[in-house]
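S.K.: First the structure, then my questions, so here it is.
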Amino acid sequence: MAFHFRRLCFFSALLAVVLQLLHGVSGQLVVVEEPISAPPPPLVDLNTGDGIVPALFVFGDSLIDNGNNNNIPSFAKANYFPYGIDFNGGPTGRFCNGLTMVDGIAQLLGLPLIPAYSEATGDQVLRGVNYASAAAGILPDTGGNFVGRIPFDQQIHNFETTLDQVASKSGGAVAIADSVTRSLFFIGMGSNDYLNNYLMPNFPTRNQYNSQQFGDLLVQHYTDQLTRLYNLGGRKFVVAGLGRMGCIPSILAQGNDGKCSEEVNQLVLPFNTNVKTMISNLNQNLPDAKFIYLDIAHMFEDIVANQAAYGLTTMDKGCCGIGKNRGQITCLPFETPCPNRDQYVFWDAFHPTEKVNLIMAKKAFAGDRTVAYPINIQQLASLN
């Protein structure tokens, strides 16, 4: 289908204006208290015992952000109802109706839900920290259309700050090094480098690079960034590839035939291919490093092919959003979402529902080599 880049830019700008008006000149969102019915129990049972790894450190974007943008001047926020409608405690900043994929992974690892860097205090940091930030990318300029965000480089710097905090709590450098070496690092970056950089007409990158060159550029930066995390002590890394971005409601809304944009899907292929090669190279070149790749695109294809088996009925529109495919403007404050959220793949214009997040978490944790390569998260966590 033909993809209209100018429309994407227009709707992004329109969303920014709408959110600015909703937040008011003070920058504070005015909300009206209303009762929220108790959410159903999570699809993954929380194991409150000892985890099989000491901690989980999370880096990424809005797919796994859990509140780091709440208190920065940004249009990329989800700390308002109906976000969190199915989360115990309501909206937190997660871009979802409930749990994210890394929430499910944390539970499967036997860990508590990992706190956002902006809120982590005291002994909480000993079990892990989530540094992910909506609109963030591998490249520092990515997401500038949303103003505030925390790019990957800054997220790594924030991890360094956490290490300093942990040093005062766990017996010094030796104890830190041992704990960090045995901990898991989850990284999910890159989607905004396309959606909020390369595909935006007001960014120069599309005129500077073809799709292969841009994929090469991203992975060059990515390699350096992951090596920084390795040099800070990380050894067990889970790196998520990009999904079928041409099938998200925001992109579907730009076309006229209701089909996924193969132009966008093909655009991100060089990135995924390069990431797989990068992981192989890092495993070979960095002593004791153990990187694994999560094939998010393959997970999505399986969900689409077997939607009935998963209890899903709606693949082409968001549960909460405005306009065509409920994807032209993403979920706004106090908008009424669909009642049958467990039957939807997408919660809003860009992000999966809790149901799909937890399906993918289980696949990442215990799936075969078609979704987790060369081993899955459970196997990675169990390695000495």
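Counting begins at 1 with the first residue displayed.
Backbone N, Cα and C atoms are what each Cβ position is placed from, and that goes for glycine too.
The following feature annotations were taken from Swiss-Prot:
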type	residues	note
SIGNAL	1-27	signal peptide
ACT_SITE	Ser62	active site, nucleophile
ACT_SITE	Asp348	active site
ACT_SITE	His351	active site
S.K.: Once the chains shown are all counted, how many other Cβ atoms turn up within 10 Å of the Cβ of His351 (active site)?
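M.R.: Around the Cβ of His351 (active site), 30 other Cβ atoms lie within 10 Å.
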S.K.: What three-state secondary structure does DSSP assign to Ser62 (active site, nucleophile)?
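M.R.: Once the DSSP labels are grouped into three classes, Ser62 (active site, nucleophile) ends up as coil.
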S.K.: Quick check: in three-state DSSP terms, what is Asp348 (active site)?
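M.R.: Note: Asp348 (active site) is coil by DSSP, not helix or strand.
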S.K.: Distance between the residue listed as 'active site, nucleophile' and Asp348 (active site) at the Cα atoms, whole Å?
M.R.: 12
